[in-house]
Amino acid sequence: MQLFSIEYISLVVGFLILLIGIWGILTRKNILKMVIGFSLFDTGTHIIIVALGYVRNKTAPILDQANLQTNTAQKIVDPVPQALVLTAIVIGLGVTALMLVYAMKLHNEKKTLNIEKYNDLKW
Amino acid sequence: MVAPIYIIATLLGVAFALGLFGKKMNSMAGLLSVVALGFASFISLEWLAGFWLYDRAAEYIYTAGFKPPFSINLLMGKDEALFTSLINIAGFFGTVYLWDKLKKIGSNGYVTLMGMILGLNVIIMTRDLFNLFVFLEISSIATAGLIIFSQNLKTIAAGFKYMLATGIISGILLLGIIFMYYFTGTLNIDDFLAVHSLAVKGFGVAVFFVLISIVLELKPFPANGWGLDVYESADSGIAAMISAGTATASFFVMYKLLPLGTPQFHMVLAGIGLATFIGSNLMGLKQTNPNRLLGYSSIGQVGLLVTILGLSEFLGERTTFIAYSILISHFLAKAGLFWISGIVKRSEIKEWAVLRNNRLLLILFGVFIFTLIGFPPFPSFFGKWDLVLNMASNNQYFWIVGILIGSLLEGVYLFRWLGYALKLDNAEMPAFEVKWNKVLPIAVFGAATFVVGYFVSSIHPYAKIINYIPLAVALAFVLIDFLPVYVKNTLAILAMAYYYYYLYPTLSSFGAVFGAIFMVGGIVTLIAGYAFKGQRRGFYPFALMMFAGLIGLIEAKTTLGFFYAWEVMTVGSYFLIIRGKKSMPHALSYMLFSMGGAYLMLAGFAIASVGQFNLDMSTLSHVLVHPTWVFILLAVGFLTKTASLGLHIWLPGAHAEAETDVSPMVSAILLKAGVFGLVTLFLAMGDQLIGGDVSVIYLLGWLGAITAVMGNLMAAFQEDAKRLLAYSSVGVLGYILFGLSLMSHLGWLSAVSISVTHFMFKSLLFLAIGGVVWRVKTKEMYRMGGLIKRMPFSFFSVLIGIIVLAGLPPLSGFSGKWIFYNAVMAKEWYLQGALIFFSGMIAFLYTFRLIHSVFLGQLKDEHREVKEAPFWILVPQYMIIGVLLYFSAIPNSLLKPIGKIISPYFPTGGLEWTGQHAVSTYGYWNGLVIFYIVIAIFVTVLVWLIINNRKAQKVKQFNIVFAAERPFKPETSHYAYNFYAHYRKAIGILVEPKITGWWEGVAEWAHAMGDKFRKIYNGNGQSYLIHIMAFIVIIYLISFGGF
Amino acid sequence: MLRNSLILLVLLGFAAAVFPLVHSYEAKDTLTGVAEHYANYGKEEVGAANLVSAVVVTYRGFDTLGEVTILFLASAVIGLFLKVSETHTKDSRSVFFKSTEILVTASRLLVPMIMLLGAYIFINGHLTPGGGFQGGAVIASAFALLLLSRPQKQFSHKLISVIESISGITFVFIGLLGILLAGGFLDNHIFAMGKFGTLLSAGAIPIIYILIGLKVGSELTGIVRNLKESQKVG
Amino acid sequence: MGTIVTKILYALLTLFIVTNYGLILSGVVRKIGARVGRRHGIRFYQPYIDLIKNYTFRTRITHGIMYYIGPVFRLTGGIGLLLFLPVIYGSPVFDNFSFAGDLTFVLYFQFFGVLGMALGAGESGHPYSALGVSRGLAQTTAMELPLTLGVLALAVQYHTLNIHEIVAAQQGSILHWTLFTNPLAAIAMMLSFLAMMGRSPFDVVLAPQEIPIGPPTEYHSALLGVLQLNRAIFPAAKLILFMNLLFGGATNWGELVIKTFFIYMWSVFVGIAYPRFRVDQSVRWYFGIPLLIGVAAILVVKYF
């Protein structure tokens, strides 16, 4: 295991971003900041996904050159995580957009973005 | 067969097409959606039918023309067909229910709803993990949209919390999925199941993340505050869909992925589920908002289901049956309850009294509550039975205890709620609007509970042999509830008579005795029903249900049949009891004690079934494991019904507040169910020893003796006539318990004969006093007095009743006492025996008080014109008096047959009969001769007196020697209030309500605990996220045992 | 304070929980599992030069359908959200500041070019990096620019939803055609496979990508539009 | 048929003897009481005079049917108790109807009259009647506990509840009396006996010295006469019962008179020596020492 290889760094960075995202979600009182935390959490996950698809010293899975079209499995990185991350990004987009709209609506209701103020429902 | 892919294509296509619909075409859009959902339901139901009826093979659906794992595939198997059917039906009826709301919202609303149903369908069918993630997200987003169908601060805040929570959860899920892919190179669930586990720790962690996310989707305690908020705030129609749809689908995902977990994880899962089940129901105790309450219940039920999954290793092949029957019950009941809540639109459960304005909804409300808690004939009853039985056979008692405690807690708040709906005042409340499109789904689901219940019982190997006809007849009375009382009463009596006629030849042994008490007793007390006018709605179905249960006890061939009948009886009697004007709290405590007792019985039967080849009642006679526990559990279960000391606190109120003819039913007849249970138990199991030397039956003997004394003492201090009689029942039942505990011929002879006479004299007394109360409109004895002048017939009934009760010769009550003396001598239980006789003396106190305070003394001014009790209430009384006098004169007409029944079990120590002359080891007694002699002396003296005192002048009420004055007011000279003040001063300390206080303390403690726990749901969305993360970490630590 | 230390503890716990994942990670030297199959047979089976697209649109096409649905739902929910608030108040005074001249002018120049780029990206999705989502997002960004520069401009909501719906329905319809004409739902072999590496190849993939592009573009545009419209409420 | 007639005639004979004995006894006891109190007292035949007086009253009133038959119940109880007892041991003449029921029956039958009387008194509407009944019943329950324990101890000792056999077992020597063979049981029963006789300190039920209180408050004339008749028969019957159980029974009338007289004197002496208890006091008293003695009696016969 090479500690400073690109795949390892991206994996660790992904996890760090993910943890920072969780930290943001758990500690920030401002709803928008929580949403940003959530975005970071998502992004961290995406980086991890891509990192996991990496195959050492291989190229992108696009067979636009003839030499790639034979014995392909030996030459490209894993296309599946890339496909998955695409889906995940879009999902993240949809969720984030919805969260933001919620945040906007909440602000309309109480004119504050402090999550602690929205505790009418409890127990 | 329509391919299942068309479910998806239809829903999705229609959802996309709805974008084309303008605002003016909302009705069209709605119709299209309903048709699409109906079509989807049709497809899945068709598959379900195919699997069930034609035994089709499961079918894989491949997408993109490639085989898995290279492309995503779906599976339509038996399970999937069932679950998609549930989802689509929920969607279909949910849309019908929400028709008006959706129409107002327009196409986006329909789109959201269809999206959710679509998502749920796919997560059920898909065999690809990432695909599962995608469609889980679809349903989450759609749910977030559904929540804001009604937009206000609450829904928006709840929706936001929901989005945050599901966002985090799905992030964790995604993390797990991608690592699972990394380690295995596939995303196909079937492949994962084949791999099962890898040596790499990382894989285990990845699987853990996947599973824990699914667990979190199921809203485990305590990481579920967001779910509660959604249930509380969302429109009831939406909450119904979330509870019935999302929870159902998430459960199935868990079910599907379960094999991924290690056995160790399964135990953790079971623990999570149980904590959720108990915790959620405990916290529900203090809740007063109906939707949030249903949320607690919903989460709790899902917790129970999770427990079942976690315990699947123990449950084996029965897992499916158990889980599905409970799940379907929950599905139907919870959707129905949320829907009703949406019609009622009350945010306090106390305001649900308004539900009485609509009879149909009220009935359905009751049906759903009983379905949820697991009463027969609803499916979850059979599920719970199998669950407990299977756990017992694996020695898993801890889980049994937990599950039963959780169920009991759930019963507390659900029955309290039902009580509120049935009894609280609703005069001030405006009626609610009822639309057919809202009622239709509820009615369909309500009907489905019965259908599914019947279906479930028909596939259960033991449930299918239960005789359901009596219950069906009772339920049929619901349909003719509109008829006037005399028609229904006649029909009810005929039905009972016919059934007894049909049953009579099959009855033998103790079954014959108790069968007579139950059926003949039922008929006799029903006669009093003619006194009622109008329709008396809701009485006959439940009265007959109670009798159906009672007779079912006797007919029961299996322990399941017995338990089934027991529960049917409980339901029927609950509704009878709650009919009384002030019965609400008493009916609740009756129900809770009954449930508690029933659960003990359930546990007892479960342990008894361990290692047996079938569930026959006879298996009780050769219990293989923990026979002492079985005995104690069953005995205590029965003792809750016989109201032994410590378990008696429900009885006085329940019996006293009941209606005139209900009191005798529940007090004189129903209590004998417990006696019958004890008889059955004692005969089957004999005595058991605790720790090898303390006899349980010996302890029960003491309990019986003390109950007899305390019951009678408390009766002596009552001001309320019916309460007095109720406590008297406690005493007599203690007496009977003592007699049975003697375990000898004579002990049983007296116990069984007292069971019979108690039925007669207690019916007599309750009817007579009920008739008086009917006329004078009060139950306080000191408000009556001198009524012998106005109600001589009732007086005579009470006179005969108390003479028999007190056991005075020459009437038949004495036979019991006489046999007792002999039995006590033979058994050498002198001290207990002395207590029993002491209790008999105390019986004099309250019997005299009863007759004096009501009928003798000073007639009150307001009662001078009061009429004799209604004719039809007197009729059964005089029938009973006739029989009592016959038994008194010819005692062996009663005792000899009972002796014959007892002889096979206790052959020695019986009575020798010569005519009416009975001889025991110790003494002798001739009832008939005594009868004649006493009557002869009496007549002689009477004639002597009349000769000496003829032409005695009748004087007025106040013409008495009263300190040289005449009293001017009956109140001041009617000595009745606190009649035994001096006695109370002497030994009143014995009747301090210590036991009631103890139970109240328990209740208060549970409520306080629940209240404390629920404070963690502080309403702050961020805290909920912390709960989720902490939950993950803690479960991780538990699962992997540190790191 | 207690709360913060609790959070810290939870975070540390979570970090510890994910540590085995990082720990057992090792970059692969070769493809394994399904990826190997895709690499080796993707060309023959799907015919798309961009293997990611092959996976996205065909092998895991069902996911993509779901993905589209998610955006569609998100847009619907946002529409739902904002629509109710339209009825909230009838006050429609503008809250927008006037855009700068530079932005307005630049947008006139850039919007058509961005749209063109978007279209290019989704049309060539099966050949080069990119695809329907990316293209759609680019197109939506053009509309976002338009909205920034001319806030008063009204887009036809009707048009957006019609495009959205038609493309969605067609997507489902093409998927169903797969059952009728080829191996299953969403099979791309319903059209001629064409020559590998050219524009008209890979069967239904380009068509699907175009539909996705249109759909995503219109959905995102719809979201942005709805958000803008909601600002009237103030 | 003949046997029934003979039985009835024998019963009437017993009744006649005991009634007279009871009347004289009560007169004598009152006389003794007065002399002890240094008063002249009544004539010993005063009860006869009272009886005749009451039967000849011309004012006759009734409060209703129950009021009317209350005394009938009372007297039936008294006569019944007497007739269900074997009066003279070994005598078929004075055995009466004791074949119909054993000791248990007899013990329960004594309440027949009490309850009937209580009902009759209740209908009069006089609060003092009800008050008396309430006191009487309360005291009875307490008194009954040591009595029951004693009876059980006896039954254990003799292995029977048949009074004949109990008496038979005590024949032969004075030391065969239960009093000596089972002293604890005898003490317990004799303490209960005090309350059964309704004399001081347990006479608050009737409170004879004060203005009338207790069940008979409202009774007079022939109705009171019936009660008075009972007051002669009933205590005598109870005395005979205790004599049979504890003191070896009687083989002839002379023995009976002597024994019962002394048994009665036990309650008289106690009554003169001790002042009256309130009901709550007497109840608590019976739950104290007498109860313990009773329990001890049981334990002794059971374990020794």
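Each Cβ is built from the backbone N, Cα and C atoms, and glycine gets one as well.
Marked as domain 'NADH:quinone oxidoreductase/Mrp antiporter transmembrane' by TrEMBL: B:127-409 (among others).
The annotation domain 'NADH:quinone oxidoreductase/Mrp antiporter transmembrane' is assigned in TrEMBL to B:559-841 (among others).
As annotated by TrEMBL, transmembrane segment applies to B:81-99 (among others).
What TrEMBL records for B:130-150 (among others) is transmembrane segment.
Annotation source TrEMBL lists transmembrane segment at B:162-183 (among others).
Under the heading transmembrane segment, TrEMBL lists B:321-340 (among others).
If you look up TrEMBL, you'll see B:398-418 (among others) marked as transmembrane segment. Same-chain residues lying 6 or more positions outside the transmembrane segment (B:398-418) and placing a CB less than 8 Å from one of its CB atoms are 270, 274, 277-278, 281-282, 284-285, 287, 290, 293, 296-297, 300-301, 303-304, 307, 311, 349, 352, 365-366, 369, 372-374, 384, 387-388, 391-392, 588, 591-592, 595-596, 599, 602-603, 606, 1006.
Under the heading transmembrane segment, TrEMBL lists B:439-456 (among others).
Panel annotation: around the transmembrane segment (B:590-609), residues 373, 384-385, 388-389, 391-393, 397, 400-401, 404, 407-408, 411-412, 415, 559-560, 562-563, 566-567, 570, 573-574, 577, 615, 619-620, 623, 625-626, 629-634, 636-641, 647, 649-651, 654, 677 of the same chain, lying at least six beyond its termini, place a Cβ under 8 Å from a Cβ of the stretch. Sequence annotations record features per position, and here TrEMBL assigns transmembrane segment to B:590-609 (among others).
The transmembrane segment feature in TrEMBL is assigned to B:629-650 (among others). Remote same-chain residues near the transmembrane segment (B:629-650) are listed as 586, 589-590, 592-594, 596-601, 603-605, 607-608, 620, 623, 670-671, 673-675, 677-678, 681, 685, 688, 690, 696, 700, 703-704, 706-707, 710-711, 729-730, 733-734, 736-737, 995-996, 999 (criterion: CB distance under 8 Å, separation of at least six residues from the stretch ends).
Long-range contacts of the transmembrane segment (B:662-684) within its own chain (CB-CB distance under 8 A, at least 6 residues past either end) are made by residues 510, 514, 517-518, 521-522, 525, 528, 543, 546, 549-550, 553-554, 562, 566, 569, 573, 576-577, 579-580, 601, 617-618, 620-621, 631, 634-635, 637-643, 654-656, 697, 722, 725-726, 729, 733, 736-737, 740, 743, 751-752, 755, 758-760, 762-763, 766-767, 770, 905. Taken from TrEMBL, the feature transmembrane segment covers B:662-684 (among others).
Annotated transmembrane segment per TrEMBL: B:793-809 (among others), in sequence order. Counting only same-chain residues 6+ beyond the ends of the transmembrane segment (B:793-809), those with a CB under 8 A from a CB of the stretch are 728, 732, 757, 760-762, 764-765, 767-769, 771-772, 787, 816-817, 840, 843-844, 847-848, 850-851, 854-855, 868-869, 874, 877-878, 881, 884-885, 888, 930, 934.
Per TrEMBL, the feature transmembrane segment maps to B:869-889 (among others). If you look at the transmembrane segment (B:869-889), the same-chain residues 6 or more away from its ends with a CB under 8 A from one of its CBs are 524-525, 527-531, 660-661, 757, 760-761, 763-764, 767-768, 770-772, 774-775, 791, 793-794, 796-797, 800, 804, 810-812, 927-928, 931.
When Cβ-Cβ distances below 8 Å are used as the criterion, the transmembrane segment (B:1024-1042) is approached by residues 161, 164-165, 168-169, 172, 204-205, 208, 212, 215-216, 220, 222-226, 264-265, 268, 271-272, 1016-1017 of the same chain, each at least six residues removed from its ends. Marked as transmembrane segment by TrEMBL: B:1024-1042 (among others).
The transmembrane segment (B:439-456) and the transmembrane segment (B:162-183) are not in contact, since fewer than 3 Cβ pairs between them lie under 8 Å (pairs 6 or more apart in sequence). Distant neighbours of the transmembrane segment (B:321-340): 82, 86, 90, 93-94, 97, 236-237, 239-241, 243-244, 247-248, 251, 255, 291, 294, 297-298, 301-302, 304-305, 308-309, 315, 355, 361, 364-365, 367-369, 371-372, 374, 378-380, 382-384, 386-387, 390, 438, 441-442, 445-446, 448-449, 452, 456, 459-460; these residues of the same chain sit at least 6 beyond its ends, with a Cβ under 8 Å from one of its Cβ atoms.
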